[in-house]
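**Q** My questions will all concern the structure given below.
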Amino acid sequence: MDRDEWHAKVHERVRRATAANPNENKNTCSLYIQTDPLIWRHIREGIADHDRGRKYEVDVKTREEITSLIAHHVTAVNYIYRNTKFDGRSEHRNIRFEVQRIKIDDDSACRNSYNGPHNAFCNEHMDVSNFLNLHSLEDHSDFCLAYVFTYRDFTGGTLGLAWVASASGASGGICEKFKTYTETVGGQYQSTKRSLNTGIITFVNYNSRVPPKVSQLTLAHEIGHNFGSPHDYPLECRPGGLNGNFIMFASATSGDRPNNSKFSPCSVRNISNVLDVLVGNTKRDCFKVSEGAFCGNKIVESGEECDCGFNEEECKDKCCYPRIISEYDLSMNSSAKGCTRRAKTECSPSQGPCCLSNSCQFVPSNNHQKCKEETECSWSSTCNGTTAECPEPKPRDDKTKCNNGTALCIRGECSGSICLLWNMTECFLTSQAVPHVDKRRLCELACQNGNDTGTCRSTSEFAQQFGLPEGGINLRPGSPCDNFQGYCDVFLKCRAVDADGPLVRLKNLLLNRETLLTVAQWVTEYWYYVVIMGVGFIIVMGIFIKCCAVHTPSSNPKKRRARRISETLRAPMNTLRRMQRHHQGRGAGPRSIPPPAHEQRGGVAANSHHRSAHPHHWDRHQGGHSVVPLPTGGPQHSHHHASGRTSASGATAAAASGRAPANGRGSRPSTRPTSGTRSTTHGGYADVPPPGLIVGGVATGVSSGGVGVGVGVSGGVPNGALLVSGGSGGGVGGGPSAGVIARQQMPLPLPPTGAVQA
């Protein structure tokens, strides 16, 4: 078997594998269409000028205009999808859409005087994402898709937004049910119910009404997202040129090129995969068998006399029966059927604007009532007295300028290029043809001779020849530029189309093969820089950790108090000294300050060994972080006596005179208080010893952990210094544990100036 025969057999197997869809008659996607108060206001303002004082009639006309707008857009979308073959594992043909419900919001709920339920769509200052999320909060499980039409000028020239379906089973797109989703809001998880079978489109872009052809393609584009197609990305699916780009191109197209109303091969494959999932029951299949005309959607379709809505609440038409007929109407007419006119009526306002809502009769021709306003390319139209529908308006002459002088009228529509005036065709100035071209220049309208791209010139180059403005003719904001690879913003600068967003751009910049090869080559060539940077990074991190260590709080009671950043900023050298002391060893000074002994009674070892039953129970009055103030002034009275023989003051006086105490013994002051007194000791950290306070070990004259006043012969203790012992001394003391600074109820006496301890 040669190669060609093998390929033929494989192709035959693939063709056989593409089986007919067993549910081929279930090809209809039901639609729910809602319009918000902003589009109501825009359309009503176009009618009210010649109908002041006739509020009810104007409101009726506004509803008819909006309903007609919806009907035309759904018809255009049906034409596109019905003529596209989505063939994956199964054949998906004749996809069509039926409007089952229409909800038209007027602006009455947006007035300050309104006392009814609030309409969230009244908020005019809402970005496109929040607008879609607001629409998604309602339950639309009864429909295949639900859309909102609005007249909001979203930032960035956005014309629509929709949830994208996925063949992998991820939520979103067609047939998605109303269910709970978990999202992160402000760093916290929050559960919200949403309908992700939704989308929105707007009819205004850069303060200009979007042409009907463009808004119809926008609806087809957003529904394409709901069906599972992302934007066209590979070059073969966005060719541009004379044929233009396809429907799923990221930017809006002009609508007058052959490809503008077609799906690219990429989009067809993506949509086919999602439709295959529906057939395989992996995803909920909400497609239905077409009912032909759907009574209750307010659109008069083939086989219907009229259509005023679903039920009595929606139907404000006195000439037509709704889909659900009330018991009262059935009692008056047992043969009444939905979407038929009532007895003795000539027409229904649902059929068109030329029917009087009060009498259900045609508007007489002698009323000269306008039913359609004039446009740049057509004249106004008036009711002729023979039909409820508005007669087609007469078109203006071909080649009449429109769209701010950038286009021409052709058969009543603003669809011709201004270049036709000079027997030329419109073209694009491209960044490839003119390197380093100014972005503003790409938004200038250009013309060429026939299909000769080499003759493409900006209108500014022949402005004087044809009497144009000096700068030529500029494209309108939102128009495609640079061969459909961009669009003109409000400043008339050509912006590149961003199909995926900034995160994808960043990923492509950092992780593309070219960038990685460049980085690898640099590391290979300058390896020593990498080593230096690595060592430097380690050193910097080490310094950073050491500096942060003294500022980090600890629950360990043996640790020093964490310094504040403000303290380091005021005195950075103190922080460095503290770091050095921490590494010099534990014997040179007190390591840490233990929890305080809350109560100390007389006796030699009362405080040396007794602490709180809970070793980590700190004195909250001191906070565990206090600096003991030194007593000031001269000698003060003390309640401490030396074993009842010689008072502390006597010992001090003896020391001052250079004599031994009267009892002939060495000075060993007892810590036992006098009868009926109690001494309370509080512990705390001493950050920096105050002047005159020596913290450290003294070899003689101090008990282990004792507190003395002017103690130590060879220690060189300054006069009046309070000494806290950290070493072993020759006496017995009753002070706090090692390193604890004592503060008694009565201030400690200081020796007189010149006193020397014998």
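Each Cβ is built from the backbone N, Cα and C atoms, and glycine gets one as well.
Feature list, courtesy of TrEMBL:
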{"type": "ACT_SITE", "residues": "Glu222", "note": "active site"}
{"type": "BINDING", "residues": "His221, His225, His231", "note": "Zn(2+) binding site"}
{"type": "COMPBIAS", "residues": "608-619", "note": "compositional bias 'Basic residues'"}
{"type": "COMPBIAS", "residues": "644-684", "note": "compositional bias 'Low complexity'"}
{"type": "DOMAIN", "residues": "47-275", "note": "domain 'Peptidase M12B'"}
{"type": "DOMAIN", "residues": "292-398", "note": "domain 'Disintegrin'"}
{"type": "REGION", "residues": "553-689", "note": "region 'Disordered'"}
{"type": "TRANSMEM", "residues": "526-551", "note": "transmembrane segment"}
**Q** Here are the binding-site residues: His221, His225, His231. Which has the lowest count of other Cβ atoms within 10 Å?
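**A** Among the binding-site residues His221, His225, His231, the lowest count of other Cβ atoms within 10 Å belongs to His231.
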**Q** Cα of the residue listed as 'active site' to Cα of His231 (Zn(2+) binding site): how many Å, rounded?
**A** 10
**Q** Can you count the other CB atoms that lie within 10 A of the CB of Glu222 (active site)?
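**A** Step by step: centre on the Cβ of Glu222 (active site), count other Cβ atoms within 10 Å, giving 23.
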**Q** DSSP secondary structure for His231 (Zn(2+) binding site), reduced to helix/strand/coil, please.
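**A** The residue in question, His231 (Zn(2+) binding site), is coil (DSSP, three-state).
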**Q** Does DSSP give His221 (Zn(2+) binding site) helix, strand or coil?
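**A** Once the DSSP labels are grouped into three classes, His221 (Zn(2+) binding site) ends up as helix.
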**Q** Determine which residues of the same chain, besides His221, His225, His231, have their CB within 8 A of the center of the CB atoms at the recorded Zn(2+) site, and list them by sequence.
**A** Ala162, Val164, Glu222, Gly224, Ser229, Pro230, Ile247, Met248, Ala250
**Q** Work out, from DSSP, the number of helix, strand and coil residues along the domain 'Disintegrin' (292-398).
**A** 12 helix, 11 strand, 84 coil
